[in-house]
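Asker: Once you've had a glance at the structure underneath, I'll fire off some questions.
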Amino acid sequence: RKDSGMLSYKEHLPVSQVVVGDLDRPGSEAKVSVGPVRCQGDRNYWNAASFVTSSSYLHFSTFQGETSADISFYFKTSASDGVFLENLGNTDFIKLELKSATEVSFSFDVGNGPVEIVVRSPNPLNDDQWHRVNAERNVKQASLQVDQLPLEIRKAPTEGHTRLELYSQLYVGAAGGQRGFLGCIRSLRMNGVTLDLEERAKVTPGVKPGCSGHCTSYGMYCANGGKCVEKYNGYSCDCSKTAYDGPFCIKDVGAFFEEGMWLRYNFHSPGTSMKDLVSRTPLGSADPEITAPDLSLNKEELSLSFSTTKSPCILLYVSSYTPDFMAVLVNPTGNLQIRYNLGGTKEPYNIDIDHRNMANGQPHTVNVTRNRRDIVLQLDHYPPTSYSLPATSDIQFNSPKALFLGKVIEIGKIDQDIYKYNTPGFTGCLSRVQFNQIAPLKAALRPTNTSSHIHIQGELVESNCGASPLTIPPMSAATDPWHLDSASADFPYNGQAIGDGVNRNSAIIGGVIAVVIFTILCTLVFLIRYMFRHKGTYHTNEAKGAESAESADAAIMNNDPNFTETIDESKKEWLI
């Protein structure tokens, strides 16, 4: 329905080149305008299907590629493995699969035994970005290429079988008894024919037309840089490259520092690589195995949260094998200071935040981003502020060595102010500490493959350092217009605002009135029911004059004439 973003690929641009001639003639000029730009979709190029369950697949007629097979498609996934497609024969087969997060495999058998070609990528292929796969096979050779990586070629044997004989249906997205593919496949072409994935997906359970998935709908819930990972029955958030924990990467990981305690994270250990440090930063060298002494950073991203009541102190310090350093500290007046020394200047470059006392025991968040000469600082929820290094300053942080929290224990010359602020050390709570993709506190508190880089002096006690930082400090009684003792303060919106006391009294009076009315109504209902209740009556057939009669029989005879006649009639006696 919608697509947006920068057109950064030349083959996608409507105009790739403009040539203007006749520029040498005096007074000549040219004007070129482009527009309007209209987008036109390619149904074959964007014909896609999403595989969302472990057993989901699409099936097509048998692939006819006896002597020549040309297969190409794009895939996007966050899963680490899965089968793209497979077609079987009696013994022959052809299969393409994602073997691992960095490996794509093309395997087949034409009767001479299984053949497998593997392309290995230096970067993960399960990064939820589109990657192109192109596999070819003929009687002379077979080849496999992924994106722009080098083409892998395997020569066919000079003797033996050459025909690929397949009988089963072509399965896309899964294979018999194997882990299926989880993600999106589009523009699947088999020997020049584009398979209609979307139409087949509309009638296939577990497969959806177009490119959608759990991460497409719910990936935004992975916060703070967490990566959404597709699962067969949902999704999960990978928080390994963040300073946070929990299902959605929102749980702070922090620790309380007692006086004299410190933590050191060594950027370099023998035999280890610097991938974590360089993964988010443009470097002077593109070699991922570059070691720390040869490393030069021209960009850093730093974030941390802290709370303390003591100043001065060192919050964070990044040392190097050169005089370069970076420091975040609280000066003796309780103000925050960011200090850079990248060379080229006589004194370190300082950024002083002097409008707030940071040693007030409240949690505060600091975010610092440097891109070459430009620095952006954000404190708590205040708007970001931009700064710039002096023109004479170097723009590269050369050879970072270690990151310190709480106190600096480093060999060699240390800046004089850093040395003074280093005693007795930081006392308080630190959390959310992250330098590029390194989270030293999380590495110390959660066993990971980077825990060997950590050295701790003292006992590290885990803590989340309280709630989110305050946006506005509490107002003093003298300036708070709503403070009861502040008689001199002017109330805003005079004549319209209603005090809390008035609201409270009104509520009490209203409640009393309601109770009284309810009681009166209940009393009235009771009285009405009592006054108009039904009085029961009864009637008897007792003969009149029963009171004066000698007996009950006499009373009946006196009252009923018929009964008297009957008695008289009965007085006749007959003698037989």
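Yeah, the Cβs are placed from backbone N, Cα and C, and that goes for glycine too.
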Asker: Name the residue from Cys211, Cys215 that TrEMBL records as disulfide-bonded to Cys184.
Answerer: Cys211
Asker: Which numbers of helix, strand and coil residues does DSSP report for the domain 'EGF-like' (212-250)?
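Answerer: Looking at the domain 'EGF-like' (212-250) with DSSP, the answer is 8 helix, 12 strand, 19 coil.
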Asker: Among the disulfide-bonded residues listed here, Cys184, Cys211, which has the most company in the form of other Cβ atoms within 10 Å of its Cβ?
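Answerer: Of the disulfide-bonded residues Cys184, Cys211, the most buried by Cβ count within 10 Å is Cys184.
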